[in-house]
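This report concerns only the one structure given below.
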Amino acid sequence: MKTVLLERFVQEARELLQTAASGLLTLEREPGDATAINEVFRAVHTLKGSSGLFDTPPLTRLVHAGEDVLQQVRTGAMTLDSNVVDLLLDGLDQVGAFIDQLDRDGTLAGDADRIAAQHAGALRARLGGAETAVVVIADTTLPVAPPEWLAGFPAAERDALLARARAGEALLAVRYTPDEGCFYTGTDPLAAIRDVPDLLAVTVAAREPWGDPVADFDPYRCNLVFTALTAASRDAVEQAMTYELDAVELRTLVAVDAIAAPTPAPDVAPEPESSALLGEAGRHIVRTQLRVIAGGYDAIRLRSTGTLIGNLLRSLRQDALRERWEIALAEAIAAEDLAPVAAFLAALEEGPAPAAEAPPAPAVPLLPAELPASATADTPSAATLPAAAPPGEPRPASKTLKVDQGKIDLLMNLIGELVVQKNALPFLARRAEEIHGSREMGREIKEQFATLDRLTQEMQGAIMQIRMLPVAEVFDRFPRLVRDIARRLDKQVDLVLKGTDTAADKTIVEALGDPLLHIVRNSLDHGIEEPATRVAAGKPPVATLRLRAWQDNDCVVIEIADDGRGIDPARIRGVAVDKGMVTREQADALSDQEAINLIYRPGFSTAAEVSDLSGRGVGMDVVLSTVQRLGGRVSVTSQLGQGTVTRLSLPLSMAVTRIMVVDIGGSLYGIPIDHVVQTTRLDPGVIKRIKHREVFVLRDEVVPLIRMTALLGGRPSAVDAGRGEAVLVCRVEGRTVGLVIDDFREGMDVILKPMTGLLAEVSGYCGTTLLGDGRVLLVLDLKELF
Amino acid sequence: MTKPHVNGKRVLVVDDGMTTRLYYRDVLETAGFGVEEAVNGVEGLERALMGDFDLLIVDVNMPKMDGYEMIAQVRVDPALHEIPIITISTEAGERDADRAYAAGANLYMVKPADPALLTETAQMLTGVEMAR
């Protein structure tokens, strides 16, 4: 039960943190947004409530501090400036870290208490002293530090530390009065006090007035008293000061202004001699009913209380008392007077009713004396107890099921196996016909196969739907990120997200994060100008960065557009020449778009200074290779002075790879269809030789030919003179090559299995798949081969 | 989780916290109650009006309609004049408790409600005969 509950909590907490964080960002932009503040507050409030179910006081304390700050914002007592937002976001991040710890270890890390106290202290410091707060006396074995101990500290420092103490952090005050003659004993008081671990602040003062600097000053007599504040434990302090313990006094630091009257909990603590009949819960119920009806005569409320107390007595099998209660109730309702009921409740609460007695309890002095005896017989019972309802069938409250991703992946793999296994059936059918000579059996197998084929396809489709995630999964982290980066760069950026519910396979969506992050950072770092520069260029000071996603046939397109300074092709050309990537002549011959495309080359970076944001070494080349690995494309267009648009186009799903099966040297291989430009058959006469390489001309382009049998081994089959050489024209990393193979076979959709175990290191293959007859098909990785 | 018996009583838990709802469900189902959930005051009110419940457990701070409002609306229906209602809130304040009583609640508990106390209270309020 506990683990399920904790799992649920982890999940809920993460969602609530996300809600709170995005709401805060909205609020920072629109401070008056009442919906947003309520949403943030409720998220944090719910989180606090849920966290109370677990033994995680630091987590609850931190969330509580955040809630208190938000409450003040909500009531208008505090304005939400960027600094408060920073504090809150930091606090939420810390809560997120706690949640991660809980998720991983089932418990919080050892330093959670201290860390939570720091965050909570920083938050509570914003509240102002008037707020009452939970006071945790750090070490109850120690007396509280007197205020004069703290007088020597600068006010700001003292208040900050008091805020931490108020937030529940265990702080100690150490007063160290070294011996007057300590200079003769080799003691260094300053070094001694500095040895106190986790030292937060130290002051030095004179014990006695210094007197006349010339006449009275004795440089060999120590007249100092040190006061230190520390977050260390008493033991640690005593250990550090072990030789000076006689001169040390320890006190607990408590924020004096925080010691307000603690709010009494409404469920009053049970008195020691709690009635054995009612028990704690029952006494609370009865006492509360006295309060509930105290508001004055109200028929509805009274009847509700009547039912409830009736239930209570039934639950306790006090039938005799229950009868009396109904009489008292009827009397009260008839007379519209609460007295009989109140008296009964008061008597019931005070007890002591003989709990051990059997159900037909003897008359206990519970019946109020003033109750007329006549009321017993003829007054109808007003408190009709509800008939026992039929047993409730617990229905699921939500139609959404949360499933661990690993389980979906497992299902996906199993279905992949099923697809492959199913492909063995036509092979079996052929064997039935050809080897066992049973045409009938072959036909039946084929029929079964057709049904199975349809079912597995539907199943595969259904699972792929489950794997679809909205791009919001990655987009959602950008508001925070853009805000933080923009703040660090002193730039003003308005982030616009569109099409966040566009869905794509989870592998794609998850892999999108890093390329997107890089492009967005580039845009903020290099594209978007400082507000002053923008104004000078006639643009609004606040830049706009748009992240947009939409579905285009079987692709998902992500567009990142800024209205920054754009990419200067001339500058790109210059950098490329300086870096020796192209010659000046080549650079000049490039069109502007071609020049811009140079940014994809490895090692290209135009930022004059390396910033810690975009960094060094990771450039657009990495974005390109990531996107290509996912089977997608990248394009960048830019208008100098107007902005840059980067567009990523990715397949909706990559679970299934379409390959073309080819015959090379008598073996079958798969080639990912993404690479294939066209198939052709070449007459031996059109194959030319340039130096040692065979080439042919395809639409004005000289295409090198690669004989795959030479590369992969195997015996080339004789060329059928009438048909020519089979050539598969492929594009690999922007180059066109012609692969000379023995024959083309069919195209098929397969689920690629990565090369594992001993084969994992073998390059040139991107994976394997099983053919219908059980043979393993190697799928070539052309990028690695050439 | 063992469910030793079913006591035939049905509880509606109204709370916007997913974890909290699961917790109440766990505690109450273990004690033999049938449990249904609602995630805000509006849904809670709808379910309370439609369903045949023996006890309502209502959170105070909820989206759309808060607990006070929901309880007040529940009490408007004559069929629900007498149903026991527990408010469970994170706020341990007298004022909040009085507000809950004024709205029509019968009991005010502070989160997190102790499982044994919650079970015993729910049994007492619904008249489930307790083991002796």
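In case you wondered, yes, glycine gets a Cβ from its N, Cα and C as well.
Caution: TrEMBL annotation is automatic and unverified by curators.
The domain 'HPt' annotation in TrEMBL covers A:1-102.
Annotation comment: TrEMBL describes A:His45 as phosphohistidine. For A:His45 (phosphohistidine), the same-chain residues lying six or more positions away in sequence with a CB closer than 8 A to its CB are A:Glu67.
According to TrEMBL, the feature compositional bias 'Low complexity' maps to A:373-387.
Per TrEMBL, the feature region 'Disordered' maps to A:373-401.
If you look up TrEMBL, you'll see A:409-654 marked as domain 'Histidine kinase'.
Across the domain 'CheW-like' (A:656-786), DSSP classifies residues as 20 helix, 72 strand, 39 coil. The domain 'CheW-like' annotation in TrEMBL covers A:656-786.
Following the DSSP three-state reduction, the secondary structure of A:His45 (phosphohistidine) is helix. On the 0 to 100 pLDDT scale, the domain 'HPt' (A:1-102) averages 85 in the predicted structure.
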